[in-house]
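J.: Questions regarding the structure given below will be posed in turn.
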Amino acid sequence: MTDQPADLNAKFQKRIFSGIQPSGNLTLGNYLGALKRFVQKQDEGIETIYCLVDLHAITVWQDPEALRRQTREAAAAFIAAGIDPARSILFNQSQVSAHAEMGWLLNCVARMGWMNRMTQWKDKAGKNAEKQSLGLFAYPTLMAADILLYHATMVPVGEDQKQHVELTRDIAAKFNHDYKVDFFPSPAPLIEGAATRVMSLRDGSKKMSKSDPSDASRINMTDDADTIAKKFRKAVTDPEPLPETLEGLEGRAEARNLVNVYAALADISPEQVIAEFGGKGFGTFKPALADLAVSKLEPISTEMSRLMADPAEIDRILGVGAEKADAIAQPILAKTLDIMGMIRSR
Ligand code: AMP
Ligand code: TRP
């Protein structure tokens with residue numbers, strides 16, 4: 001799908017949309033790959049819409065009470081990390097019904113072949129595809145709906161979501177082509193910084209994930225200082241000291257990961273980390289990394305606990321965000337239905 005006019009996006013105002021699943025504790029991967037950058041985009045003054053995608057979370061089983069708590073916790077994490085509900089729209093997906101409606105419309109645009117090629121589906125379903133929910137298979141079209149419902153032009157995500165944003169572009173292009181309109185923009189994935197793919201602390205070939213059965217594989221945003229220090233101390237690495245140059249990290253996935261995490265936390269480049277720690281062993285580097293992580297995460301988790309003491313206030317903030325989101329989404333959904341030939345007479 002490349003037949004989009006080159007100047008298509010010029011028609012649309014700059015707008016950022018991104019989402020995180022409230023399916024468990026947010027991890028250091030979520031923080032560095034997503035949340036920290038969401039705050040930066042907000043502070044750059046771009047219009048930002050951030051969504052706790054509870055409809056995505058239920059593509060795999062969620063205990064209802066746990067889902068509600070995790071959604072509030074994720075909202076608290078966003079606010080504690082610097083998302084200002086007065087400057088960004090922050091809401092949970094299911095409060096804006098247009099997401100589900102747009103999701104259906106786009107299910108009728110996306111092709112089975114495109115969905116079958118999604119690597120996250122293949123990874124998650126594995127050999128058990130027959131037992132997965134239909135929602136898990138269709139989830140990338142719901143993600144496309146999330147983005148296109150706001151005519152978002154930029155989508156900050158970690159590396160693992162790039163293919164889904166590309167699918168969103170294909171869906172937008174097919175819609176525009178089939179209905180002979182230039183209604184949807186072609187949203188760009190924003191994948192920036194040293195930590196777009198934070199790896200598991202137990203296995204340098206797997207991404208750090210909130211759904212990993214091993215808690216030792218990840219740093220949770222709510223872990224206390226001792227737990228963070230212990231998890232980094234026990235992180236799997238090779239026995240060599242850190243190299244004197246970045247090239248020396250080739251083939252050393254675990255060491256590379258810890259260097260990237262340090263760089264992203266300190267807002268410096270991996271080269272600068274190597275300049276400081278090259279030649280030093282993990283006995284020196286890991287405690288320095290743990291101290292840095294604690295200094296960045298502890299104030300956030302303290303603020304999260306404070307916010308969590310007043311769940312009604314969190315719900316109120318999400319409600320206000322949902323109203324603002326709905327006001328943008330409804331006219332775009334209505335126009336989409338109109339373009340597709342639905343009668344709108346009430
Ligand atoms: P999820 O937890 O799957 O809802 O992901 C929410 C956001 O965090 C997405 O933008 C992901 O790409 C990002 N993310 C999740 N895990 C990682 C990771 N290990 N490294 C970098 N980004 C991540
Ligand atoms: N699928 C994303 C993930 O699991 C979350 C998500 C849902 C999202 N809708 C989105 C991300 C829209 C960016 C834009 O990480």
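Even glycines carry a Cβ here, placed using N, Cα and C.
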J.: Select from 92-96, 122-126, 207-211 the stretch of residues annotated by TrEMBL as motif ''KMSKS' region'.
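T.: Among 92-96, 122-126, 207-211, the range TrEMBL annotates as motif ''KMSKS' region' is 207-211.
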J.: Could you check which of 22-30, 157-165, 238-246 is flagged in TrEMBL as motif ''HIGH' region'?
T.: 22-30
J.: Whose Cβ, among the binding-site residues D146, E159, has more other Cβ atoms within 10 Å than any of the rest?
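T.: Max Cβ neighbours within 10 Å, all protein chains included: D146.
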J.: Compare all C-alpha positions of Q21, P22, S23, G29, N30, G158, E159, D160, V198, K207, M208, S209, K210, S211, the record's ATP binders, and send over the largest distance in angstrom.
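T.: About 19 Å separates the two most distant Cα atoms.
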J.: Residues sitting near the motif ''HIGH' region' (22-30): Cβ under 8 Å, six or more positions beyond its termini, same chain?
T.: 52-54, 57, 60, 62, 67, 70-71, 73-74, 77, 92, 158, 195, 197-198, 207-211, 218-222, 261, 293, 297
J.: Measuring Cα to Cα, how far is M208 (ATP binding site) from D146 (L-tryptophan binding site) in Å?
T.: 24
J.: My understanding is the cutoff is Cβ-Cβ under 8 Å with a sequence separation of 6 or more in the same chain; which residues meet that for K210 (ATP binding site)?
T.: S23, G24, N25, L26, T27, N30, R218, N220
